[in-house]
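A.B. asks: Summarising the annotation, TrEMBL assigns transmembrane segment to 81-99, 111-132, 144-165, 185-207, 214-247, 259-276, 297-317, 354-373, 385-406.
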Amino acid sequence: MLLEQVESKAIALRRSSEWPRGLLAIGLGVLSWSINNLNVLRAQIQAPVGTHPSWTPREMDIAQHLTWVNGMRQSLVIPNYHMPAVTVPGFFSPLMALVGQATKLGIDGSAAYAAAEVLFGILSVYCILICLRHFLESRRQIAGAVIIMLGGIPLVLSLNVWHALRGEESGTPNFFLGDGLFVNGALGTTLGTACVYASLILVTRYLISGRRRYLYWTGAVAVLSGLGHPFEVFTIAGATVLTLIVLRWPSLRTAFKESMVVVVPAILGVLPYVYFSLKIPWMRHVAEQNKYPVPDLLHLLGMLGIPVAFVLFNLIIGPRLRSTSDVVLQCWFAATLVVLHIPKLPFVAHMADGLGLVTAMLAVRQITGVPYLRNWVALRPRLALAVAALVLAPAIFAQVGMRCLLFRSGLQIHNPFGMSALSSQPEYDLIRWFRHNASVHDLVIAPGFETSFMLATAPVHTIASHYLFSGTYDVQSGLRDSFYRGDWTDRASLDFLQTRGINYVVVPEGSPVHRFLGAYPKAAVFPPFTLYHLAGNHMPDRLPEP
């Protein structure tokens, strides 16, 4: 381990290896993005005639991010394009605004988004490499930690992947945790995970070296994390506070002063989001609904994976590791589990981003440092290997199976798990038409849930385009589907369009909707879609009652 008396030597060694580590991070970062986006790469290479490939998956949350990216080309604060009502600007995201600026250069929004994912992915991998060298003693320990990271999957994932590969109904294949290496997550998750790792490194260096600049840099990372993706910052702040309390005990005053160097910037980072959530009614509604119900401990451990359960069990019953870096890992692990259970925090699932690496490194340190574990492995090496194989086998199947699913799904326009990376050419043409012709006052309805959330990326207000930000998504989806099935009379259908203020209607070929819209002008035709313009309809200033 890194000890206080060899700190200067360790710093010199780290500096001498910066370039090789940086090149390795670039290679692994690009490779990590590639294996997690096989669907995107296949679509770019093998897109059939009549389709258009995207640099991002055709998934509702990713589409929402593209809505923000395209909407923030001109403004840092934008209205809610997913809500079918006039909304005052209230959504704030410097990260998406930064990506949006790249689109001014003529770069497609999905390409700019993917490029940002790659860059932050490289940063995340770079931090992982530093962590592995910082907290572990040997290459064997590093290899063990990487293998444990590979095995940190939800217990049901292998079964879900098996059913999905066979084309059977199953739960969504979801890794739950982003680790920045085997599982990237969306752009915000990738940034947040990298910030967690950077904070872990900086806090540890501060505690070992005593150099206060590392604590200041941790504060800078905290404000960046809060501004970019206001979730993981709660883990960063909580873990820093707990670590300083434990290592400064009983000097709580010192721990408090040091903690404020990180806590205050963390608060400043999330403050704009808090402001808009309190001031803007629709943002307040979204914040109230954006909750992740944390299950009981047993089910939570099943979602976090066997390595987390293993480490928690040893923390409870076994002796604690005492070196400074080991204490930091133990505090970070415990703080993450505590933060997950803090009530009223927004979507706490993101608070666990980065837990996979912390767990893997701590598991290795426990196996090699806790006497009863070290002795058990030494006395029963074959049994230890058998247990490891039993844990790893389903994880390896899930990891490989997920990549097979991604590759297979890349050319499917309609995919139940949001893994497609293709749109039909007519749908793409519709999006481009709205991008050049729609205003913030327009509202469109389109057939099918995928076309709905994809059209919103123009950006344009779209009926039933997001499960959270649309406000009454289930109601809107039901009304949309009834409308396109022709369940209503012509008069009732026209009244629906007028009441909801829908002034653009996308109608597929053969739809009964053509019957009562024939008298209205056609704004555009992209076979099989016809776009009708109902100029007399105006979007309401609030959501109609269900």
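Each residue, glycine too, has its Cβ placed from N, Cα and C.
Where in this structure would I find these features, and how exposed are they?
C.D. replies: If you look at the transmembrane segment (81-99), the same-chain residues 6 or more away from its ends with a CB under 8 A from one of its CBs are 64-65, 67-69, 71-72, 75, 109, 112-113, 116, 187-188, 191, 227-229, 272-273, 276, 279-280, 282-283, 441, 443, 456, 459-463, 465-466, 469-471, 476, 500-502, 539-543.
Tertiary proximity for the transmembrane segment (297-317) is limited to same-chain residues at least six positions away from its ends with a CB under 8 Å from its CB atoms, namely 148, 151-156, 176-177, 330, 333-334, 337, 340, 352, 355-356, 359-360, 362-363, 366, 370, 373, 391.
Counting same-chain residues at least six beyond the ends of the transmembrane segment (354-373), those with a Cβ under 8 angstroms from any Cβ of the stretch are 128, 131-132, 135-137, 141, 144-146, 148-149, 152, 177-183, 192-193, 196-197, 200, 232, 235, 304-305, 307-308, 310-311, 314, 318-319, 321, 326, 329-330, 332-333, 336.
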A.B. asks: With Cβ-Cβ distances below 8 Å as the criterion, list the same-chain residues six or more beyond the ends of the transmembrane segment (144-165) that contact it, or say none.
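C.D. replies: Long-range Cβ neighbours of the transmembrane segment (144-165): 132, 136, 171-177, 179, 181-182, 302-308, 356-357, 359-361, 363-364, 367, 388, 391-392, 394-399, 401-402, 404-405, 417.
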A.B. asks: Would you kindly list the residues that approach the transmembrane segment (111-132) from elsewhere in its chain, counting only those six or more residues past its ends and only Cβ-Cβ distances under 8 Å?
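C.D. replies: Non-local partners: 14, 21-22, 24-26, 28-30, 32-33, 37, 40, 55-56, 62, 65-66, 69, 95, 98-100, 102-103, 142, 145-146, 180-181, 184, 186-187, 190-191, 193-194, 197-198, 200-201, 357, 361.
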